[in-house]
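Asker: The active site, proton acceptor annotation in Swiss-Prot covers 177. According to Swiss-Prot, the NAD(+) binding site annotation covers 7, 8, 9, 10, 11, 12, 13, 34, 94, 117, 118, 119, 227. According to Swiss-Prot, the substrate binding site annotation covers 81, 87, 119, 153, on the basis of sequence analysis.
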């Protein structure tokens, strides 16, 4: 099993690489790429950790050597948010970065499972899909926008609010991966009830949690460590699915035939072909149905931006 991380010298990439080095199955290969010259050194640093995961780093303009034979590609390359920016402000820089990297993925490892972390995810996933369509290698079951950070934040904040063991909290987060498009389905959380006020404040906190971190870091970065953990969880789930493990379910932003939008985050069953099945997200409350319906124009606009960028 070979996993490639593109953008591996950045804050998310280094955290993700560390977690993968310690958690990938024995015998796996971990390939790190970044434009930054430090990247081979990051791999050397991580290579001193005593796990049976072989690691190699690549720097420079061309990610191709890092991508050869990759089963899973996780893309975190791009610029991070600063105070006062929202995820869409990143579009102008990150759109081109994702397009260029996906062109190389399409040419080098077209059947790999690809997880996009680079923001704005609502748009960058659409860009990736269009690039792969142009290259004639698009498989909607192999492309994912990683929204796991919204899920782990929801789990954490619910457990804190209700004094629960966080390991017991399961929640679906649907929609997209920015602001109002992030919709945690709190009505489905088992064994707990929320007041209307709690639902409203918790939903808003989950939607704005990225900004909470950006502001707390006072210009020194965005959510890199928690995103690294979220991306590792999702990446390991992709690997487990590829290895034939049963019942691996994660929420992800996918081209899953949703009635709501061309791309939509919802639970998916993972397997040897990536998405084995897009799962229904279940019954929702009136609050959630309203929030879902009112986000769709924003989400569709984000998607159109990505499609138009490639065309």
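The chain as shown is numbered from 1 upward.
Here the Cβ of each residue, glycine as well, is placed from N, Cα and C on the backbone.
Describe the structural context of each listed feature in the structure shown, including burial, neighbouring residues and relevant distances.
Answerer: DSSP assigns residue 177 (active site, proton acceptor) to coil, not to a helix or a strand.
Its own atom aside, the Cβ of residue 227 (NAD(+) binding site) has 25 Cβ atoms within 10 angstroms in the protein chains shown.
Within 10 Å of the C-beta of residue 153 (substrate binding site) we count 24 further C-beta atoms, all protein chains included.
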Asker: Rounded to a whole number, how many Å is the Cα of residue 94 (NAD(+) binding site) away from the Cα of residue 177 (active site, proton acceptor)?
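Answerer: Cα-Cα, rounded: 15 Å.
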Asker: Given the recorded positions 7, 9, 11, 13, 177, 227, which lie close to residue 119 (substrate binding site), meaning Cα to Cα within 10 A?
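Answerer: Checking each Cα against residue 119 (substrate binding site), the hits are 177.
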Asker: Determine, using Cα-Cα distances only, which of these recorded positions is closest to residue 9 (NAD(+) binding site): 81, 153, 177.
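Answerer: So, of the listed recorded positions, the one sitting closest to residue 9 (NAD(+) binding site) is 81.
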Asker: If you draw a 10 Å sphere on the Cβ of residue 119 (substrate binding site), how many other Cβ atoms land inside?
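Answerer: For residue 119 (substrate binding site), the 10 Å Cβ neighbour count is 28.
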Asker: Using Cα coordinates, what distance in whole Å links residue 153 (substrate binding site) and residue 118 (NAD(+) binding site)?
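Answerer: That comes out at 18 Å between the alpha carbons.
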Asker: Would you identify which of the binding-site residues 7, 9 has the most other C-beta atoms lying within 10 angstroms of its C-beta?
Answerer: 7
Asker: Mind checking which of 94, 118 has the fewest other CB atoms within 10 A of its CB? They're the binding-site residues.
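Answerer: Ranked by other Cβ atoms within 10 Å, the binding-site residues 94, 118 bottom out at 94.
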